[in-house]
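Step one of this worksheet: look at the structure below.
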């Protein structure tokens, strides 16, 4: 009898064997319902064979086959199989992650009826001026008069569901549902919107990509902020859609704005589907199916849209390719950018990686000849670059982390009826210990790196060599007792600014204040209306948002990036600074950027200010080569957590011994730790980690694979929660 090897969404790196009943035929990639323990579960057939490691009479039969054909396309299936192996993650978890929720639940892989809004007869004739007191209702009814609006697309528009419900209450709009009809956009395809005239650099980029349209090619589109990268994407898509092929456009979580989506919808007379967190399960399945059967011409989405099946994919675009949100930080820790390149190679199509501040790994791949670079160096509209200033904080009396000079400049810009942005980049920065009076930083005597401050354990610790020392009472350089951790949080800053600027509306935009659905849009709308004059934010604010009245931008905790134990923090700061500089001074207003630091002479600041991001990247790549850090080497991070701060370090020490005893290990394998994680305690659990480094990615993969096969033999393995992160981007 045939045996189905079934992947289930459980944290075990294996498949489970079931007998296929007489007459039941399934293929790899089809869903089945199987008995598992005392219940039935949905599984995915990974393979079918005639044998099992267990006696056949001990196997249970498959209860039901749910699909005649695989739910995955051939290329996505190959991608997922490879990714499960590369990231050492359970195959069942990987396969289920790539499916819409309704398919995970066993629902049919077919379209369900969708709801849409339409204008009633009264709504078609009523005077729109009667709604002028409610701008959103007026906008909504005007849009409905142009045609029906699918309910799942309301979040992409300038009005909201509440406005439509209000119109419904007045008898001007109504809801109905219908099964989406299979439509072919290709016969009526045209470019609907206005084309902008491409400059020479843009035209060269479009031509180069078009010349390689029939094979794999990876292009870095490096363009300064405001240089017109989106127009290049649109022109490339124009060529792809004209051939009847489809396009996948990936954007960071925060970049999926109504304005971005509108640009694509207005340009093409072809269906654009958007995959984002605001969709309900049936809407997400509908968009997924439209891509699979070829109905969707363009899919725009965040990280997980990478796994969408397409009937005939012609190009992949990854906007802001350096953005850290492309790396999944929970569960299966994959990097969508890296997997997208793998997929493009498998599909034999071009991929475009766009950024004003390319990741060092991407620039390294250009140097290695794996990618080709296209550069856009001219800013659209000849906007003037912002004026840049560095404020030395040493010995200055600070209020809420702000120097007197910065507070004075803020007052001047606010009095001119402009807006001010204050940036904090706390995410991923490890705190260092700094003397406020002379600028001394606690430095490890054995390494060329800075101690990380661990307040809870009352000590300084080096995350490179693991040496530690007590927190000093006074500065060894000047004797001052004014020793402070570098950095301040957005919440404390908001509270401290209120008494300094009592009449000025303040808006804080970070993950805490925008976690509720629609909250980010509400904050941004308030900013555009002029309702908030001071904006406090993290990197979320730096990405692509156009604030015409912002003329002053300040980065407050620069030292946190310059002296972090995380070797990537300088790169992240350089990217943030470059993006932020583009936020100040648009719409004909002169912008100003102010950096606050205790170390104005720092080489990184000097390079960034006077030579720009490209020069910084050259310098940073050279430094990483000297220190043998990625991209010159490969990393795997293994983190363990416990409740008592004892089992996790013990487990990791046992694991370290196992790794170093591996017959595959050689003198080039470098292991750091166990050391406390940069955030040593979260949710009541203590976190420890070890970092593995090797110049050969393939060799490191073999070492890790061999060790993981033995990990459950370790005495502490079942007493801790542990995770493995291949190519980690955060320490």
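Using the three backbone atoms N, Cα and C, a Cβ is placed for every residue, glycine included.
Looking at 296-310, 326-340, 341-355, 356-370, the range annotated in Swiss-Prot as motif 'Aromatic-rich loop (ARL)' turns out to be 326-340. Your range for motif 'DEAH box', going by Swiss-Prot and the list 319-322, 371-374, 375-378, is 319-322. Within 10 Å of residue 226 (ADP binding site), counting CA to CA, the binding-site residues 462, 465, 475 contribute nothing. Distant neighbours of the region 'Helicase lobe 2, N-terminus' (387-430): 324, 436-439, 452-453, 463, 486-490, 492-493, 496-497, 500-501, 504, 527, 530, 532-539, 541-542, 547, 549-557, 560-561, 564-566, 568-569, 572-573, 576, 580-581, 583-584, 589-598, 600, 605, 609, 678, 730-731; these residues of the same chain sit at least 6 beyond its ends, with a Cβ under 8 Å from one of its Cβ atoms. Neighbouring residues of the recorded Zn(2+) 1 site, listed in sequence order and excluding 435, 438, 475, 478, comprise 436, 437, 439, 440, 476, 477, 479, 480, 482, 483 (Cβ within 8 Å of the Cβ centroid).
Looking at which of 1-98, 115-177, 200-375, 633-731 has the most CB pairs under 8 Å to the region 'CRR' (431-485), the answer is the stretch 633-731. Packing around residue 231 (ADP binding site) is summarised by its Cβ count: 22 other Cβ atoms lie within 10 angstroms of its Cβ, all protein chains included. A strand conformation is recorded for residue 435 (Zn(2+) 1 binding site) in the three-state DSSP classification.
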